[in-house]
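Copied from TrEMBL, the annotated features are:
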- A:175, A:182, A:199, A:238: [4Fe-4S] cluster binding site (BINDING)
């Protein structure tokens, strides 16, 4: 929650230029990570060096925004130094909070940097009062980023039973797996998103063109095939299209994006403190457009506008792609 | 199923007519000097590429008669412009209309969207492409950065070149619309 009591808009930045773009577009907070395996968006050329983080924090603070540093992969047994170093560096740079899931990282922060706020990453998949209470009591976690499996009614009920703030994803990529516990891509790539920070490592991704179109492959496994001219996607196994018998289809989940913009008013009523936009791997053009639109939408919600008016503000963000409110609106219940 | 929203941004013949004389210029040496100068002024830009600074990128503007072979290795960067016959070996090939490729470079267009909508094609080492994309994304390059200009000269170059590119895109869009409305 911001000092004015309105919901906090938490926005992604994969590069310093995206951080500046988010700040200038109206983000209350920006989350980012270091250029290594300690964060869950470990792509080549992405993320921040310690110096870039320090400069980014100075820039954000000068404009009234906060910076939250994601150290949200799980430390490797026998090699915890990268995570310990990342935590120490984030605190030294003046991060407003560290977002973590691993109890080793949480413990290190709580004992060595008790003055730095701790947010529980979605990677911890904490969705019950008991698990959230454990993290709050053991490590003084102040906010939990909620897994994308709860309805808004369940979030409201949860908020009545816990003492910490909640942050809900509101826009961007959608992961239907239990976050922090998904090993699907590990079977193909041999690397874990939870330990190495990336579902489909780019070095194992290929797009091979032939007369029938383009085959998207991960570690040699064909995940999807696109006809000439057909829009393609980044090949993650969970969004792959597979053929069984004569029928081809999405086995795990359809490639739809989350857009819960129409539920901002409901989130506020449910006691949600912060709304999170996904997309640290996206460019600054995306960051600017989405943050600007959600800034207007959140402000409108705070001023009492209804869901229809907020839908109109966000109408330009569909990009022609398929979108869903995900589990937040479970109409089958 | 075709849904490429940038299909119209192929450079029209009216623009390409002006380009052949430029292909005779020593583009490779000029761009090599330009990249090396940029690396001296902004080393962080190339550090972001990491090991992929030594990767060989073949940039193929499909509506021009030549390609660029780029090794963005900071102060040892190398650019060669060559015809399509006898293309040198490369780690990555990026193909697309010149107006789209320039749009990615100046930040006007989203490279991811262009790729996923199949307006440009990429083959080879995906990790090198991702690193290059992220480095360019963070660089916020202006024409004056590549030309090594400052002050008024930089402002004039940026407004002139970016204005020219914008004009070229408008011409391309107009030409595309006329083609579509012709019976």
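Cβ coordinates come from backbone N, Cα and C, glycine included.
A TrEMBL annotation is a machine prediction, not a hand-curated record.
Within 10 Å of the C-beta of residue A:175 ([4Fe-4S] cluster binding site) we count 22 further C-beta atoms, all protein chains included.
Between the candidate binding-site residues, A:199, A:238, the densest Cβ environment within 10 Å is the one around A:199.
For the recorded site, residue A:199 ([4Fe-4S] cluster binding site), the DSSP three-state label reads coil. Cβ environment of residue A:182 ([4Fe-4S] cluster binding site): A:175, A:193, A:194, A:199, A:238 lie under 8 Å away, each six or more residues apart in the same chain. Report note: the [4Fe-4S] cluster site is defined by A:175, A:182, A:199, A:238, and the residues of the same chain whose CB lies within 8 Å of the CB centroid of those residues, excluding them, are A:176, A:177, A:179, A:184, A:185, A:193, A:236, A:237. In the three-state DSSP assignment, the secondary structure recorded for residue A:238 ([4Fe-4S] cluster binding site) is helix.
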